[in-house]
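Chemist: The following block contains the structure, expressed as structure tokens.
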Amino acid sequence: MDDSDDEYSRSHGETLTFVDPEDDGVSIGNTQDSQFAYEQFSVPTQSSQATDLLPGGTDGTTNDLPFHDVEDDESDSEKSLTEEQHEQKLPEHACRYCGISDPLCVAKCTVCRKWFCNSNDGTSGGHIVHHMVRSQHKEAYTHKDSPCGDTQLECYRCGSKNVFNLGFIPGKKDQVVVIICRTPCASIAFQNDDNWSPEDWKSVIAEKQLLSWIVNVPSEEQVARARKITATQAVRMEELWRDHPEATVDDLNKPGLDREPDHVQLRYVDAHHYSKVFRPLVAIEAEYDRRVKESASQAVGTVRWEQGLRQSVLAFFHLPQFADGVMKLAKGDELRLKHSQTVDGSEWTKIGSVFKIPDNHGDEVGIEIRGAVDKSVMESRIMFTVDVVWNATTFERQYKALAALLNDSKAISPYLYQKLLGHPAEEMMLKFDLPRRLSVAGLPELNSSQMQAVKQVLTRPLSLIQGPPGTGKTVVSATIVYHLVQKTEGNVLVCSPSNIAVDHLAEKIHKTGLKVVRLCARSREHSETTVPYLTLQHQLKVMGGAELQKLIQLKDEAGELEFKDDLRYMQLKRVKEHELLAAADVICCTCSSAADARLSKIRTRTVLIDESTQATEPEILVSIMRGVRQLVLVGDHCQLGPVVICKKAAIAGLSQSLFERLVLLGIRPFRLQVQYRMHPVLSEFPSNVFYDGSLQNGVTENDRHMTGVDWHWPKPNKPAFFWHCSGSEELSASGTSFLNRTEAANVEKLVSKLIKAGVQPHQIGVITSYEGQRSFIVNYMHTQGTLNSKLYENVEIASVDAFQGREKDYIIVTCVRSNDILGIGFLSDPRRLNVAITRAKYGLVLVGNAKVLARHDLWHELINHYKSKEMLYEGPINALKPLNLALPKATIRTKNNIAGNANRFGIKRMQYTFNEYKSNDPSQPRLPPTYSNSQNLLSMSKLAQTFNKNVPIPAHMMDPNVYAAARNQKDRRRGDQRRPPPQAEAAMDLSQGMMSQQSQQYPPQGASSQSQYLLDGASSLSGWSQSQTTTTTTRHHHHRQNRNSQQQMSQDMDDIQQKMDDLLFSQDC
């Protein structure tokens, strides 16, 4: 298990649990994990064959691999055994994966009573640990003949049996160790006994195996004689055991056991084909979500009761599984509270909506129960149990949207229908008289790239806007909506997959003076929101009329109405809701809520979807199956993508957003290019690596100098540094996440020092990719922090996902991963790194093990950047000293690629810019310029024209009869070695927008054709910008191979220069 063990809810920042992405098998899904190769991220695998299905699996393995028994060599006369005979011969305590039965090497899962060995052959950890992670069984029992004897592993103080939370410390007597849980017992012991320190505690699990003095690791000879099992098979066994506990490995080979769904495609024949692909994926995701939610039942003990508003009752309780990261909740989710301690033994049950989840202010979960609760229940000490109520509404709406696409010809315009399916459609422009002034009162003035995006979007039926961090995409979206309202009949619908993003955009649009209604799902009408004054519920109370207002007040006071009054209330409410929605200029809601029945009669022809790269295609479909004629998608495919919890669905392509697919089809996004968030020092690395050096700084160093704060950075005028620390990682109590106690202690030191320096706690954010680390830091600050625990409550400690789209003045990133062999998991995803290091305005601190992280090429580049800028340090916080570290050679390639300046660390690119063609060194990074004087439109236009020459060369300007050949990756060289620029692009079917590698063929030796150029191909989405047309794969090669082709192409460069100048001139006009 790796970081895919940690995933997070995009709406409220709570986490979703994922398991072991470094295993090769299909497991709980994580769409932003290192298991996805960079081709799947930047140009998904289907792009290599635009009309073919995606290849199955992530690692080339099949799902029906048979097991092979190893013959027993002890007796020459013994014949090989069949699988069935082998199973019959094995003793009860044999490993259920591989069959190893040495009592010294096995342990029993106390929950399911199955035995497993401590070998990691075929899996990323010991078989017993792998089983406990996958099944979420957390208790183990050693064999009577094992080193520890017949023993239940448990804490000697509290009796906790959670193996993932157990460790040991030296006993006060020689040759004795004490098994004790990490929290709370070890923490208490360290505080009360000076003879013990936190460094003395060691986990009983190291490198995902039980320590050998507890359960021996099988020898190489034992492993060689055992049944061979792959990670895929182990995962499938765990899934099979959920419904069939007595299943054996033979059952894996039964036909039809695990049919893989069809993969998404770049293009679809028709709506029937589209629906046939996506309906099974939605069904798989829905079933998996249901299973996960309904299996999350646990005892919560006693409940604390309070009287709420509107005659509701509030129930507060502790959820141990939430603290462990097993149960995932978001505000608005429904929980079922129940007990069986009634007089007649019947079950008492109530359903409530979650309004509070554990945070820095407290570790209780709070639910609001509508209606009365018997006093006898509230006053008795009853032991309650909690279940999660699964809500199928979201998936049902996706089914209906797919059906509408199939059956309703009026559900979407013919043009958008063709674009959705990937068919060629004649480009069209909408009739729209552009206003003389594009900037809107109440919003900041637009810069040049923002103006260009607004102009283009208003006149097109389909537009994509890419908004890198801090570039003001919310301002641009609000401006677009304002102008659309002035020219469009009916409402403009604004959607996002995230409630937080909807609230933020609704607030920004409201500042323009438009009438905005924030439509919430009925289950969330009483949930917290940052724009309560815009909600439909609030506007009903204010503008609903005297009779309706009276009934609303009566309902709030009494909790419910009499039958006659309730009918009248519902009638008046429906009429008034329709009036308010019909009269609104803009309706804001989530993508799912766009299918709310209250919108069924509202005419909407224009839809803008914010954060569209975080939504799956069926989610987007829900928003647009309303007869939509104009669609604007806003997002950034270089940041986090959709959350898909079922890995099988994610691998099949459900995790690819519509935004990404449209880019692959040749629709050019308009990229915003001026960032207003980060100090220029902080923006340099993400600009060069993730955005091809295109980000300009709209703020200066002086703008990002914090006054009134007594904080001194190790390197003056450089508000960032990497703090190297070598503490070891540990599995968290959930078994599906990680924590690093050394880094947590250093984070507390940094936070405390910032607060002492005058920084307000709410200005500080701590980012981690691991729920285990987040939970540990929160607890550590409250129990062992040097300042008053109240001061830490307003320090936000959250996941990367929770911080996307947001910012803080100071950001601390704790990397957590520190091991010798297991890799860095989540951290290998460049999109996560991009989000994490682009949240800070004034200062950024990275805390991690530089030696371990530098083995990965992208982190090697980041750490080398910090080292070159003299921002790499080690030592105590008050005595930091430069780290003189010889960085190890990066041995792990980036799998998820969004590299812009790709040649710097060997990542392919889809295209090169015209300036790179003209220059002789495309590998030279372009530093982000400072974008000054935003009020001078003439200088803005001139600068934009100059800067926009850094765009990919349109394919039609190149010779269409070009051959391309891939160069061996081993021939790549890092450093400052100069390479010739590419001289041509691969052949391409422009009418279809095909990016087929079939057109890239090796030319015959000695061919004299002028189109005989060897080019270096690539696949990255990050280089697409507002000046881009349909691009194809380009390839450049070694000097000696290219010398002749350079001479052949030189005569065409002047013509290309003139065509590019004409293109840029026409765009600027």
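Glycine too: its Cβ is placed from the backbone N, Cα and C atoms.
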Chemist: Among the residue ranges 95-127, 359-391, 788-820, I'd like the one that Swiss-Prot describes as region 'C3H'.
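Modeler: Range annotated as region 'C3H' by Swiss-Prot: 95-127.
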Chemist: Which is it, of 155-185, 558-588, 837-867, that Swiss-Prot names as region 'C4'?
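Modeler: Of 155-185, 558-588, 837-867, Swiss-Prot gives region 'C4' for 155-185.
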Chemist: Looking at Swiss-Prot, Gly467, Pro468, Pro469, Gly470, Thr471, Gly472, Lys473, Thr474, Gln639, Tyr676, Glu807 are annotated for ATP. Which of Gln450, Gln656, Gln784 sits in that same site?
Modeler: Gln450
Chemist: Counting Cβ atoms within 10 Å of each candidate's own Cβ, which of the binding-site residues Cys95, Cys98, Cys117 comes out highest?
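Modeler: The residue with the densest Cβ neighbourhood is Cys117.
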Chemist: By the DSSP assignment reduced to helix, strand and coil, which category contains His127 (Zn(2+) 1 binding site)?
Modeler: helix
Chemist: Taking the recorded Zn(2+) 2 site as Cys109, Cys112, His131, His137, identify the other residues of that chain whose CB atom sits within 8 Å of the mean position of the site's CB atoms, giving them in sequence order.
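Modeler: Surrounding the site, in chain order, are Thr110, Val111, Arg113, Lys114, Phe116, Met132, Ser135.
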Chemist: According to DSSP, does Cys95 (Zn(2+) 1 binding site) fall in a helix, a strand, or coil?
Modeler: coil
Chemist: Using a Cβ cut-off under 8 Å and a sequence separation of 6 or more, which residues in the same chain sit near Cys112 (Zn(2+) 2 binding site)?
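Modeler: Spatial neighbours, sequence-distant, of Cys112 (Zn(2+) 2 binding site): Ser135, His137, Trp241, Pro245.
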Chemist: Which residue, of the binding-site residues His127, His131, His137, has its CB surrounded by the fewest other CB atoms within 10 A?
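Modeler: Checked His127, His131, His137; of these binding-site residues, fewest Cβ neighbours within 10 Å: His137.
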Chemist: If you measure Cys98 (Zn(2+) 1 binding site) to His131 (Zn(2+) 2 binding site) at Cα, how many Å is it?
Modeler: 12
Chemist: Roughly how many angstrom lie between the C-alpha atoms of Cys109 (Zn(2+) 2 binding site) and His127 (Zn(2+) 1 binding site)?
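Modeler: About 11 Å separates the two Cα atoms.
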